[in-house]
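Trainee: Take a look at what Swiss-Prot says about it:
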BINDING   Arg26, Arg181, Arg182, Arg221, Ser222, Ala223, Asp224, Asn232, His262, Ile263, Tyr264  dUMP binding site
ACT_SITE  Cys201  active site, nucleophile
BINDING   Asp224, Ala317  (6R)-5,10-methylene-5,6,7,8-tetrahydrofolate binding site
Amino acid sequence: MLNSFDSAYHALCEEILEIGNQRDDRTHTGTFSKFGHQLRFDLSKGFPLLTTKKVSFKLIATELLWFIKGDTNIQYLLKYNNNIWNEWAFEKYVQSNDYHGPDMTNFGHRALQDDEFNELYKEEMSKFKQHILNDDSFAKKYGDLGNVYGKQWRDWVDKEGNHFDQLKTVIEQIKNSPNSRRHIVSAWNPTEIDSMALPPCHTMFQFYVQDGRLSCQLYQRSADIFLGVPFNIASYALLTHLIAKECNLEVGEFVHTFGDAHIYSNHIEAIKTQLSRNSFDPPTLKINSNASIFDINYEDLELIGYNSHPAIKAPIAV
């Protein structure tokens, strides 16, 4: 048996495996892809953290709080032992004139295929992380990912050079004009795509208030179904909870709309393992602080009753 959250996710995985289009991609890994799909999660029925594999709430929450703070440097994430953005910063470093270690060209694929190289890669990555944590000037130069999510959410710059805080503005709009159809935040800034380590995959979200409940719809242009989407579901569910609390509302639905929803070819066996599992009851979320959303810390968040099957490892496509 599956709970409603795991069931919706499993159905999408099964559909992509059954009818997905086989396509090449930027990473040259290969994918099975479906264009256009929507999932709906009733947040009043629990917190949608998948249970058919263990998903780290800490990684999800600290990344979201990093976005909310407007931060774009992995130093904050590494302080919480959050490594999900490391590869993109590391890639910039090993391509620079300041790097004098072993050749790290195409490190993502080589680490998977060559055990000896993988040990070198892990050693160089470990050194890089310590430099980021302990040397602020190094972190400023090589830990920053460019104008990624947090920058666009909190400090969008228009062509005249004016700065605009989208997240703060949308919260004020929800409070003062709840029926507005303009409760929108966009991370997709076409003029700054080239200055981002990775163009935003989850590109735009909109809020909707009805009967004292706040719902959120995300449009995700590119969705790594196995590794990314379980994080994205929980991240935007958490964002909905935080903004609902900020605006004295209850939570409604999280609606997840996909553009290119894909399973990488080297994730298929991992997906099949997950699909063979039954689920547990979903956990619940408790926010143990009345602080502003902009001052919330990870320690203020409590996930209650999360039981899951073991995690399933799979390579990330860089």
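First residue shown is number 1, and so on along the chain.
Quick reminder: no glycine exception, Cβ is built from N, Cα and C everywhere.
Give me the lay of the land around each of these features.
Mentor: Within 10 Å of the C-beta of Arg26 (dUMP binding site) there are 8 other C-beta atoms, taking all protein chains into account. According to its DSSP assignment, Arg26 (dUMP binding site) is coil.
Mapped onto three states, the DSSP output places Cys201 (active site, nucleophile) in coil. Around Cys201 (active site, nucleophile), the same-chain residues six or more apart in sequence whose CB sits under 8 Å from its CB are Gln220, Arg221, Ser222, Ala223, Asp224, Gly228, Asn232, listed in sequence order.
Under the three-state DSSP scheme, Asp224 (dUMP binding site) falls in the strand class.
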Trainee: Consider each pair of residues in Arg26, Arg181, Arg182, Arg221, Ser222, Ala223, Asp224, Asn232, His262, Ile263, Tyr264, all listed by the record as binding dUMP, and report the largest Cα separation in Å as a whole number.
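Mentor: Output for dUMP binders Arg26, Arg181, Arg182, Arg221, Ser222, Ala223, Asp224, Asn232, His262, Ile263, Tyr264: max Cα distance 36 Å.
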Trainee: Enter the number of other CB atoms within 10 angstroms of the CB of Arg182 (dUMP binding site).
Mentor: 10
Trainee: Under a three-state reading of DSSP, tell me whether His262 (dUMP binding site) is helix, strand or coil.
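Mentor: Reduced to three states, the DSSP call for His262 (dUMP binding site) is strand.
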Trainee: Going by a 10 angstroms cut-off between Cβ atoms, which of the binding-site residues Ser222, Asp224, His262 has the sparsest surroundings?
Mentor: Ser222
